[in-house]
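Notes to accompany the following structure.
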Amino acid sequence: MDSDEGYNYEFDDEEECSEESGADEHEDELELGEVELVEAGLSGSERAGLCGEGGGSALGPGPGGEEDEDYRYEVLTAEQILQHMVECIREVNEVIQNPATITRILLSHFNWDKEKLMERYFDGNLEKLFSECHVINPSKKSRTRQMNTRSSALDMPCQICYLNYPNSYFTGLECGHKFCMQCWGEYLTTKIIEEGMGQTISCPAHGCDILVDDNTVMRLITDSKVKLKYQHLITNSFVECNRLLKWCPAPDCHHVVKVQYPDAKPVHCKCGRQFCFNCGENWHDPVKCKWLRKWIKKCDDDSETSNWIAANTKECPKCHVTIEKDGGCNHMVCRNQNCKAEFCWVCLGPWEPHGSAWYNCNRYNEDDAKAARDAQERSRAALQRYLFYCNRYMNHMQSLRFEHKLYAQVKQKMEEMQQHNMSWIEVQFLKKAVDVLCQCRSTLMYTYVFAFYLKKNNQSIIFENNQADLENATEVLSGYLERDISQDSLQDIKQKVQDKYRYCESRRRVLLLHVHEGYEKDLWEYIED
């Protein structure tokens with residue numbers, strides 16, 4: 001835009017937002033901060049839904065006591081992330097002294113790496129730098145503006161909608177291309193909302209790659225939700241490029257976790273979500289991120305469909321079309337019109353040499369036939385193995401979902417128990433039991449991912465014994481919590497629940513300590529999928 005004076009990214013509760021579409025380009029321009037957007041018409045409830053409520057920071061460890069006390073982190077709001085971004089821009093601008101919007105574009109080009117930007121900025125070739133970043137050198141703006149000044153006396157046609165407007169209704173970037181306010185607004189809204197573009201929106205003129213600065217976007221967009229979407233896209237770039245920051249993966253949560261160093265550690269967001277900072281998945285102890293990624297991919301893609309096809313069908317030995325046997329006869333005829341090969345289902349050899357052996361193949365010792373059968377058996381064994389671990393993984397996942405619903409039932413039971421002369425403190429054992437139950441379910445779920453890739457050795461046998469013991473105790477605890485509690489059985493069930501959840505807690509700790517000891521001593525060997 002024509003002027004960047006007075007533009008800054010700071011929050012200012014006193015500042016008013018100017019939304020007049022035909023305002024002079026030298027008037028005060030909007031800031032990128034959320035406070036200004038709220039003043040522009042975003043209600044408190046809308047803002048809470050988009051940005052998350054609350055402020056300040058939460059330091060680990062979080063609930064449950066599982067987190068490493070030495071792994072410190074903060075949970076930041078979108079506003080606090082914006083302030084971090086502002087501070088980064090300010091630090092760079094103290095040296096290069098460019099308009100804030102230009103500096104933001106330069107930093108985005110270098111993935112918010114201040115050192116790389118500084119190095120390139122002072123290597124003596126500024127024109128090449130600004131060209132690569134798709135912005136006009138700020139030192140040449142005044143000359144460009146003079147070359148592109150129009151006569152204000154005549155109506156001019158917009159080059160997008162071809163309607164005539166006074167010159168005052170046109171605006172543009174430093175490249176000199178000007179369009180009417182309405183076309184600008186619709187163009188920017190489409191780019192932001194429909195295409196999800198933020199930092200890479202270019203001038204709408206054909207062949208022009210100059211990027212639209214933040215001032216222009218915030219001045220020409222009137223919908224406060226579009227502005228917040230744009231702000232989120234810009235801050236998302238800042239977060240994604242910073243290895244110490246990670247968005248909370250929970251749906252509709254706009255908090256960011258900031259750590260002192262990146263690692264595969266559990267972190268708790270203010271929304272209640274616990275996740276692995278390294279990979280962003282739900283916390284998945286004892287399996288490492290690498291193997292969990294492979295497992296998720298294996299479950300999501302069509303690899304197991306391929307396994308089923310390999311286990312239940314065979315390829316025609318001539319044209320390699322997949323064939324499923326639908327009768328008892330071993331004499332197979334390929335249905336491919338261009339093939340029509342006849343072969344034996346058992347050995348996959350040509351049918352003609354079989355003579356009259358219609359239901360009995362006597363060619364088991366031929367190398368090619370044996371190799372085909374061996375491959376078939378391996379595929380079947382691999383499929384059965386995958387289904388074994390997948391079924392147990394999914395079973396614990398489903399049970400975990402049911403157990404989360406237990407909290408409501410437990411709350412009701414706690415209220416009933418308080419009516420039978422038990423204090424609030426005395427009934428807290430039920431909530432503690434559900435907490436432990438959910439932790440055990442989660443751990444057991446991921447032990448099956450760990451076991452799927454684990455090679456058999458003496459340590460794996462110990463692991464499987466620990467897993468079986470924890471699994472059995474978890475099922476017993478789950479059964480206790482689902483029972484109806486009467487006055488007569490109150491004390492008995494309380495003792496059983498307390499004993500069992502303490503045992504589960506202890507066995508879970510033993511299992512995890514053993515797995516981590518194996519990591520430290522390099523005891524585990526893996527099956528490459």
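Heads up, the Cβ atoms here are built off N, Cα and C, so glycines get one too.
Fair warning: this is a prediction, and the values are worked out from it, not measured in the lab.
Check Swiss-Prot against the ranges 316-347, 412-443, 444-475 and you find zinc finger recorded for 316-347. When the binding-site residues Cys158, Cys180, Cys316, Cys319, Cys339 are compared by Cα distance to Cys269 (Zn(2+) 3 binding site), the shortest distance belongs to Cys180. The binding-site residues under consideration are Cys161, Cys334. Their Cβ neighbour counts within 10 Å are lowest for Cys161. In sequence order, Gln159, Ile160, Tyr162, Leu163, Tyr165, Phe179, Met181, Gln182, Trp184 are the residues of the same chain, not among Cys158, Cys161, Cys180, Cys183, whose CB sits within 8 A of the CB centroid for the Zn(2+) 1 site. Secondary structure of the zinc finger (316-347), assigned with DSSP and counted as helix (H, G, I), strand (E, B) and coil, comes to 0 helix, 8 strand, 24 coil. Cβ crowding, taken as the number of other Cβ atoms within 10 Å, peaks at Cys180 among the binding-site residues Cys158, Cys180, Cys253, Cys271, Cys339.
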